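The transit peptide annotation in Swiss-Prot covers 1-60 and rests on similarity to another entry. Here Swiss-Prot flags Asn121, Asp160, Asn173, Phe207, Arg404 as ATP binding site. Summarising the annotation, Swiss-Prot assigns phosphoserine to Ser172, Ser196, Ser570 and lists similarity to another entry as the type of evidence. Under the heading phosphothreonine, Swiss-Prot lists Thr176, Thr496. Taken from Swiss-Prot, the feature N6-acetyllysine applies to Lys264, Lys326, Lys334, Lys426, Lys433, Lys468.
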Amino acid sequence: MACELRAVLLWGRGLQTVLRAPALAGVRRGKPVLHLQKTTVQFRGPTQSLASGISAGQLYSTQAAEDKEEESLHSIISNTEAVRGSVSKHEFQAETKKLLDIVARSLYSEKEVFIRELISNASDALEKLRHKLVCEGQVLPEMEIHLQTDAKKGTITIQDTGIGMTQEELVSNLGTIARSGSKAFLEALQNQAETSSKIIGQFGVGFYSAFMVADKVEVYSRSAAPESPGYQWLSDGSGVFEIAEASGVRPGTKIIIHLKSDCKDFASESRVQDVVTKYSNFVSFPLYLNGKRINTLQAIWMMDPKDISEFQHEEFYRYIAQAYDKPRFTLHYKTDAPLNIRSIFYVPEMKPSMFDVSRELGSSVALYSRKVLIQTKAADILPKWLRFIRGVVDSEDIPLNLSRELLQESALIRKLRDVLQQRLIKFFIDQSKKDAEKYAKFFEDYGLFMREGIVTTAEQDIKEDIAKLLRYESSALPAGQLTSLPDYASRMQAGTRNIYYLCAPNRHLAEHSPYYEAMKQKHTEVLFCYEQFDELTLLHLREFDKKKLISVETDIVVDHYKEEKFEDTSPADERLSEKETEDLMAWMRNALGSRVTNVKVTFRLDTHPAMVTVLEMGAARHFLRMQQLAKTQEERAQLLQPTLEINPRHTLIKKLCQLRESEPELAQLLVDQIYENAMIAAGLVDDPRAMVGRLNDLLVKVLEKH
């Protein structure tokens with residue numbers, strides 16, 4: 001009955017089945033047991049056939065089957081190698097010895113990464129072979145990675161069918177540090193007392209990671225070049241290694257790790273499978289453990305975005321980024337014009353560290369052509385400022401034989417970079433509209449990269465595209481609410497040509513700045529910029545959407561901003577007379593000497609007694625900060641040529657006018673402090689501690705009156 005039902009079901013799917021009568025196999029536990037004969041399933045068509053998975057001898061019983069069909073195993077690992085000829089001894093390079101000493105003392109929690117590192121090396125060897133053969137138009141052999149555990153012997157073996165190594169390559173690759181990651185690893189540890197799993201996990205130490213768990217490491221390798229002999233490489237990590245010619249070595253590389261007594265758990269199949277699933281599930285080649293296929297092999301960037309689940313994206317992100325978090329944003333981008341592109345990009349959830357921000361780090365995006373790896377980290381596929389992006393780019397337009405040098409200079413790569421940059425910018429703009437709060441958190445964490453993009457990009461149109469991603473608080477909006485340059489421009493009154501901004505550490509200081517106070521009379525919206533590099537960024541941007549970006553400090557001294565626009569409507573008895581003002585300014589010029597270029601009156605201020613104006617103050621401030629020049633007030637004044645503008649209605653200025661004749665000593669202390677306060681408000685004083693003595697003197701003078 002069951003066989004008949006199966007035939008009906010298969011027929012309903014457009015298939016026909018040829019069934020043979022079951023044969024009595026015998027009796028088990030008093031119940032009849034039947035064997036199904038070999039079954040063939042065929043498509044309805046003259047040339048299509050599909051063999052079913054039911055084999056002769058499979059149990060069919062009235063009880064639950066106790067014996068499952070054995071999964072077919074496939075392994076290339078066998079003990080065929082034998083050393084022949086003489087053995088040559090070599091010493092490790094000094095840096096390699098240091099690295100081996102570090103990994104030998106690594107913490108237990110770090111040790112599992114050796115599996116990831118060796119699988120990664122095997123994958124690289126296969127990629128190199130595939131790339132070579134595809135370029136030469138040759139047929140590809142079976143390209144696989146095999147792992148084998150042996151609990152009795154306490155070993156774990158990894159073997160690939162990749163490009164293999166010659167004797168010279170064994171000496172060079174396994175005796176010296178050639179990987180930049182290993183060099184960076186050593187440099188990162190110079191200032192650390194202990195090794196860190198984060199550092200080992202971040203850099204990786206390639207082949208040498210095997211010595212974290214090994215008493216002895218055997219390597220058998222044979223180059224894929226025709227008629228190449230095989231070799232054995234052997235070391236216990238003590239400082240020397242041996243190389244000898246060996247027979248029975250198949251093309252590729254085989255590594256046998258003899259585990260330390262406290263690392264025998266890595267000879268357990270389940271332990272190794274857990275590590276592979278954690279780190280190497282998306283290796284681009286079939287991965288076998290003790291003969292069983294264990295990895296997911298899908299170029300998901302080639303799939304339809306609708307067919308990929310969030311879980312698949314998370315797993316793939318963790319693999320390519322070697323990370324443990326989830327992607328904050330995911331962009332699956334496919335297009336056929338102007339270039340053929342299949343790509344997936346991820347933004348990490350974790351906030352970047354200072355190391356991640358470093359411009360020394362390259363791209364973390366892999367470049368493929370027709371699923372053949374060109375570069376693991378293609379430095380030129382995205383502009384430098386987008387180095388926080390993780391992902392994969394595949395383009396059929398890229399020739400497989402493109403060298404690293406041509407990759408840097410290729411017009412095709414430049415075009416690809418421009419297309420991807422524009423698409424990522426558009427994606428971030430879309431995300432900001434979709435979820436403003438989530439985007440604001442992203443900008444808080446990654447905004448430094450966008451500022452860098454504006455500063456380092458030469459083309460103005462690209463600068464302005466990146467500038468659409470910037471976010472600032474505004475005088476026209478409540479505290480905490482962010483706005484963009486396009487939004488600011490949309491609120492501008494007709495005929496307005498400038499976008500105004502003010503750089504300050506926080507909103508309170510911005511709103512109480514004398515420069516913002518001077519702008520309030522114009523009823524003009526001002527962007528508040530709080531980050532260290534905002535000023536430099538906007539200086540480089542210069543304009544946006546044909547509107548000039550102007551600091552409110554600069555606006556005060558530009559030619560079109562005439563003083564007569566501000567009329568003093570206060571009663572005459574509340575301000576100094578014109579003659580008193582002229583006399584006071586002359587006295588102040590003399591009292592301040594070379595520290596000021598000029599002293600003049602302003603009616604822009606209300607609550608502040610004075611302010612300093614400098615032509616292009618933002619640029620001047622940045623210059624002083626970067627060059628660390630002009631330590632004294634006189635040196636700074638010589639560079640800045642500041643003008644001190646005083647408010648004749650302010651109590652301090654009116655009192656100063658009286659004191660300059662009645663108490664000249666106190667008046668000098670007061671004018672020095674007014675000037676210093678104005679310089680601090682302008683951000684032109686790095687260390688205000690120098691004025692503490694003067695403040696104490698002023699307090700003493702005040703107390704003498706009481």
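Please read every residue number as a count from 1 along the shown chain.
Keep in mind that glycine also has a Cβ here, set from the backbone N, Cα and C atoms.
Owing to the predicted nature of the structure, the values given are computational and were not obtained by experimental measurement.
All features noted in Swiss-Prot, drawn onto the structure.
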residue: Asn173; record: ATP binding site; Cβ contacts under 8 Å, 6 or more apart: Met165, Phe207
residue: Thr176; record: phosphothreonine; Cβ contacts under 8 Å, 6 or more apart: Phe92, Gln93, Glu95, Thr96
residue: Lys264; record: N6-acetyllysine; Cβ contacts under 8 Å, 6 or more apart: Ala151, Gly154
residue: Lys326; record: N6-acetyllysine; Cβ contacts under 8 Å, 6 or more apart: Glu314, Tyr317, Glu349
residue: Lys334; record: N6-acetyllysine; Cβ contacts under 8 Å, 6 or more apart: Pro305, Ile341, Arg342, Ser343
residue: Lys426; record: N6-acetyllysine; Cβ contacts under 8 Å, 6 or more apart: none
residue: Lys433; record: N6-acetyllysine; Cβ contacts under 8 Å, 6 or more apart: none
residue: Thr496; record: phosphothreonine; Cβ contacts under 8 Å, 6 or more apart: Lys547
Seminar exercise, completed: As a whole number of Å, the Cα atom of Asp160 (ATP binding site) is distant from the Cα atom of Lys468 (N6-acetyllysine) by 48
Exercise. Which of the three DSSP states, helix, strand or coil, fits Asn173 (ATP binding site)?
Worked result: helix
Seminar exercise, completed: Simplified to three states, DSSP reports Asn121 (ATP binding site) as helix
For this session: Give the distance between the Cα atoms of Ser172 (phosphoserine) and Lys468 (N6-acetyllysine), rounded to the nearest whole Å.
Result: 49
Seminar exercise, completed: Across the recorded positions (Asp160, Ser172, Lys468), the Cβ with the fewest other Cβ atoms inside 10 Å is that of Ser172
Seminar exercise, completed: Integer Å value for the Cα distance linking Asn121 (ATP binding site) with Lys468 (N6-acetyllysine) is 41
Seminar exercise, completed: Around the Cβ of Asn121 (ATP binding site), other Cβ atoms within 10 Å, all chains included, total 23
For this session: Determine the Cβ neighbour count for Phe207 (ATP binding site): the number of other Cβ atoms within 10 Å of its Cβ.
Result: 19
